[in-house]
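The next block holds one structure in the form of structure tokens; read it before the comments.
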Amino acid sequence: MDIKYRPLALACFIAVLYVWAFSQIPVIALPHWGHDDGLFVRLARNLTQTGWLGVYDSTTLIKGPMFPAWLALNNALGLPLRFSQALLNVLAAGVAVSALRPMIRQEGVAVAIFAALLFNPFVYSGKQLQVLREITYLPLTVLILGLGFWWLRLQDRALARRVPLAMAMGVTLFFYWTTREEGIWIVPALAAGLFLDLGGRWRSSEIGWQEMRREAVLVALTAIIPFLGIQAISIINHKAYSIYSVVEFKNSKFLAAYSALYRVRHDNDGDRVAVPREAWREIYPFSPAARELQPYVDGELFRDWAETGCSSSRIVPCHGEISVGHFMYALRDAVWRAGYQDGPSGEAFYERLAHEVDSACADGRLSCRPPRYGIMPPMDVATVLRSLRLMPEAVAVLVGLRELSIEEQASDGPIQMLMPFLDYIRADGFPLEDDFSEEYYLLQNPDVAAAVRRGDLKSGGEHYKLHGKQEGRSGTGVRLTRNEQPGRTVMSLLSALGRAYQLLIPVATALGLAAFGWRLWIAVGTGRFPLPLIVSAMLLAVVVSRLSLVCILSVYGMAIIREQYLAPASGALILFSIISCSDAVNHLLDRYRGGKPDRAAKHPLVN
């Protein structure tokens with residue numbers, strides 16, 4: 001084989017090995033989780049059977065439709081979930097590394113980055129083993145960054161040759177913004193990278209107004225694609241459910257009601273509790289609409305949501321109030337149970353509730369904060385300071401991989417729901433935690449039953465625990481995994497690899513920050529910002545943006561500092577560490593060679 005093709009061959013081998021290994025990992029099957037795993041598969045099945053999200057209920061429009069659509073596409077193509085997930089990870093890593101190749105120069109480093117992105121432990125740790133939208137959100141983040149790298153790399157190409165790239169970026173952003181609701185967080189980092197690149201080229205007179213106008217056209221094309229896609233989904237939802245919105249929580253009538261309720265002043269746990277019971281008691285006398293919800297606010301529904309919030313936020317003992325992050329779901333469920341079970345009646349109720357509460361605030365009958373609109377509470381200096389205090393904890397989770405959990409975890413749920421759930425996504429599931437039935441086991445194993453009758457064994461459970469499980473005998477008649485051994489072997493190897501990442505990523509991050517600081521100091525002194533430095537700055541901005549977002553949401557009680565929410569920045573962190581160090585090394589080599597850049601650095605800004 002020609003030596004120049006060896007790195008590509010090695011990358012292909014790594015990709016094939018990765019796809020095979022990842023395909024062996026079972027999923028944590030939780031079909032009864034009606035607001036997460038079970039909801040996504042139910043919506044996907046409805047897309048397969050009806051062409052859209054199915055009969056309208058209180059959960060139909062609470063989350064973006066793109067992840068269910070992806071599950072439905074997998075089902076239609078006959079692809080196992082883990083296989084298609086692995087392919088998406090390979091695509092994202094391939095796009096990113098191919099764009100970075102001229103900046104990296106060394107083929108071996110490029111292959112190492114590709115492998116590091118694929119085996120990123122955040123991809124197969126904790127909740128990433130469930131059927132959640134995060135399993136596509138992380139690779140989509142890397143894919144967007146990769147397209148951003150290509151955008152910077154192809155700045156000097158003709159407009160017509162860059163239009164497909166702008167369209168690809170627009171389509172990917174559309175997928176991204178309809179997968180999770182906070183997708184806008186990545187835009188400032190992309191904008192910063194573009195601004196630094198264009199600003200440097202403008203100062204050096206490499207571009208003029210004509211190139212700036214061309215760039216504006218491409219940015220506009222990129223922006224209009226997700227805008228039109230979001231409008232298209234909103235139109236479909238309006239036709240199906242009379243609700244013009246992708247997600248019901250972004251519907252103007254719902255936001256008006258939520259904002260009105262949140263305005264009422266209270267002293268319960270700052271901003272983490274949106275509308276405590278004391279606030280509801282203040283509202284009831286002035287709002288007939290609110291009184292319709294009282295049986296659910298004071299009853300089991302809100303108590304269950306309060307316990308869910310305490311459990312996810314690790315609040316012990318539970319204070320009995322609903323956190324900001326769960327209040328929207330509780331309010332939606334209460335309105336549904338109050339009898340407003342279609343789009344028009346629900347919107348009319350929200351509008352009436354908002355009007356009654358806002359009127360009481362306006363004439364002083366209720367003590368209220370200033371008018372506001374939206375789910376997010378207002379930002380102030382105190383919130384920023386509280387967020388900064390949480391930053392070390394967030395860094396420990398993202399950089400120190402403090403919550404890494406690469407191990408077998410039990411599936412759960414009714415037997416009659418588990419098999420259809422796994423069949424639809426074409427995946428094996430981790431075994432049930434309670435995977436034994438004495439009656440079934442003795443019926444299926446006459447030799448064990450005979451031993452129990454003779455008194456040789458106390459029970460079938462004793463045999464199953466000591467011998468049966470190791471022998472591959474079924475304890476319930478339900479096998480969620482066709483062959484457990486490959487999955488266990490892969491999980492064991494990935495667990496060891498995860499421990500290696502726990503040691504390497506903090507060191508690599510520290511080296512990357514030092515290298516970036518040094519290169520930035522040189523760039524400021526010379527007034528010249530090379531492309532690798534701009535890419536590193538963009539990647540660092542992604543990491544800081546995600547850390548800041550999660551800390552702010554944690555202050556408000558809308559999220560907690562957890563691996564699941566910080567994982568989207570893990571790919572950017574890996575890329576930042578390696579690119580920054582590689583750029584510093586290349587700069588030192590160039591100085592050693594007398595300022596002559598490596599022959600592989602052909603892009604005019606790579607030096």
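Cβ atoms here come from the backbone N, Cα and C positions, even for glycine.
Feature annotations, reproduced from TrEMBL:
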TRANSMEM  83-100  transmembrane segment
TRANSMEM  107-123  transmembrane segment
TRANSMEM  135-152  transmembrane segment
TRANSMEM  159-177  transmembrane segment
TRANSMEM  183-204  transmembrane segment
TRANSMEM  216-236  transmembrane segment
TRANSMEM  500-521  transmembrane segment
TRANSMEM  533-559  transmembrane segment
TRANSMEM  565-589  transmembrane segment
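As a quick check, the transmembrane segment (107-123) and the transmembrane segment (533-559) miss the bar of 3 or more Cβ pairs under 8 A, pairs 6 or more apart, so the two do not touch. Highlighted: of the candidate stretches 135-152, 159-177, 533-559, 533-559 has the greatest count of Cβ pairs under 8 Å to the transmembrane segment (183-204). Highest Cβ pair count under 8 Å relative to the transmembrane segment (83-100), across stretches 216-236, 533-559, 565-589: 565-589. Fewer than three CB pairs closer than 8 A are found between the transmembrane segment (500-521) and the transmembrane segment (159-177), and contact between the two stretches is not assigned (pairs 6 or more residues apart). Ranked by the number of CB pairs under 8 Å to the transmembrane segment (533-559), the listed stretches 135-152, 159-177, 216-236, 565-589 are led by 565-589. Through the fold, the transmembrane segment (159-177) approaches residues 64, 66, 137, 140-141, 143-144, 147-148, 150-151, 183-184, 186, 214, 217-219, 221-226, 229-230 of its own chain, all at least 6 residues removed from its boundaries and within a Cβ separation under 8 Å.
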